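Over in TrEMBL, the protein carries these features:
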type	residues	note
DOMAIN	A:18-78	domain 'HTH tetR-type'
DNA_BIND	A:41-60	DNA-binding region
REGION	A:211-234	region 'Disordered'
COMPBIAS	A:216-234	compositional bias 'Low complexity'
């Protein structure tokens, strides 16, 4: 566009505002993660950014609004992983669960600090924000147990209590924020693959469409695909 | 003892001191859990107990000592579960893992508030306490991955990466402090049994000593015992 319409100007203004918001959130994440929410003042956030407190107030009305944004982003990353897996057209429950496992692990590792802050500081959210974020989390659990139930109904999974298994999967993956170190032994991709294999093993997944050729002494349909093809026991 | 030796008097004094310490810890657990560590003063703990602050200082030198005691108890409950399972004489790795699963889940549910406080407030521990508690947790993870490796070596488990699987199990069980409600759908015993079954499924446990008679279409040795005998798919 070479016209002098106000649209591009507004676009830049919006972009600048978004960029400033992102910088504020990033600084708040670092400080809430290192020192805790209660121990962090907006003055400290401003200082870390080299700006004044009114700069922050131009974008966030209060510290609690920053916390709400951070917690929402943490949970939203898991919700997006779920939605992408459930949207896989023509995929079986086992294929969706494998994809969810990989995406969910990746989301947690990439959002490690957001998830840590959410887990630790949830009780400092305002009641309305707390309820909204809790609803997002319950929705995640509900969709996951729905996927597990679907797999049980189709004979792909063997799970006695899908609702409990959904909470167990949420825990084994979500907890990764505690032990994950970016410079650790395994890459994000390796962790995503291995953890997804553990999720499928927990569901006793029996893939409907693929065969696990490498496993001997058992019907292929009973051998969890991932553990076999990824070389379990090595 | 009917003599007038000072021993029984000292005994009572010690017992009273221990009782007072327990009451202080219980009140601190409630308040740290409800309001968070930073938002709780020793005055508030004293008020909840109907005592003065010097009463508390007679037993704890500072709020951080209370936090250290609470975090230590939370982790110690899981460590005791581990030690009891590993001490089972003549038990196979699968039997030890099943026992550990049940005991670990029970410990987490019974210590729900301690584990919650530990997870949320760990960063408020003094460096020495933080290191000591972290060492207890690493020791737990280390013993669990040792048990998984032993089971793999004996052909009872199929796990590609026992160290990662140990962290996954720690997460799926430890996370229960987030969702467990004492008045919920399942009792502590039911939760312990179901979660232990999920742990064995994740390890793809093939019991060495027992047969799973109810499973058809597959060699009994490949069918995880717990899921089969507990009626998976119902």
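Just so you know, glycine gets a Cβ as well, placed from its N, Cα and C.
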Positions whose Cβ lies under 8 angstroms from the DNA-binding region (A:41-60), at least six residues beyond its ends: 17, 20-21, 23-24, 27-28, 30-31, 35, 66, 69
Secondary structure content of the domain 'HTH tetR-type' (A:18-78), with strand meaning DSSP E or B: 47 helix, 0 strand, 14 coil
Rounded mean pLDDT for the residues that make up the domain 'HTH tetR-type' (A:18-78): 95
